[in-house]
Amino acid sequence: MRSAFLGSFWTVSLSALVSIPLGIASALYLTEWSSHRRLRRFLEFNMANLAGVPSIIFGLVGLSILTYGLGLGRSIIAGAFTLGIMTLPLVTVSAAEAIKSVPEALKHGAYALGATKLQVTRHIILPRSLPMMMTGAILAISRAIGEAAPILVISGLLFIRTDPTSVFDRFTVMPLQIFNWVSRPQPAFQELSSAAIIVLLALLMMFNAAAIAIRYRYQRRVML
């Protein structure tokens, strides 16, 4: 179970490092920085559509581009980038909605005082929209940690004995490990699968607690 736990921790952590910063940056560009209305609408429409694409499609894309095209192999880094790309539209859409919720009067007031667009983004938009952005991050992490189909395509392993020690090692994740144990008829494997489900839920709660703590911290700053 430890190898699957480490595989899930590595892949979800790295995918969050990919999807959350890129998603927030994409949302800022689409809502505040892009001056081409048609391009912005085109990107927003396609980003919303990508959020509903089945996860197995992202797994096949990751297999062809990351595993074979870039030569990353069936490694943690390939799985993490696949999950990051898969959750990127969800983070982008939720971050864009959070940015749109910032009152226009605050932004216009800052511009009237001579603030630049970068200053408005840094001191007005981000502090007030980041708590809602963290909600999207929680949803993205929750989806990534429970995904099995794209990781099965990338990894191809239901069980592995050795612990991953680097991002280029082969791996498996908790959902695949649970599926492997649940499909076995022996009572011992049924007990192991129950324990693994509890561990997976604990891992999910740990990531969500971190995101909620960040959201609460910025909410207090905005209220002050």
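Glycine is no exception: its Cβ is also placed from the backbone N, Cα and C atoms.
Just so you know, TrEMBL annotations are computer predictions that nobody has curated.
Feature annotations, reproduced from TrEMBL:
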- 5-210: domain 'ABC transmembrane type-1' (DOMAIN)
- 6-30: transmembrane segment (TRANSMEM)
- 50-70: transmembrane segment (TRANSMEM)
- 76-99: transmembrane segment (TRANSMEM)
- 137-160: transmembrane segment (TRANSMEM)
- 192-214: transmembrane segment (TRANSMEM)
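The recorded stretches the transmembrane segment (192-214) and the transmembrane segment (6-30) share 3+ CB pairs below 8 A when only pairs 6 or more apart in sequence are counted, and are therefore in contact. Stretch with the most C-beta contacts under 8 angstroms to the transmembrane segment (6-30), considering only 50-70, 76-99, 137-160: 76-99.
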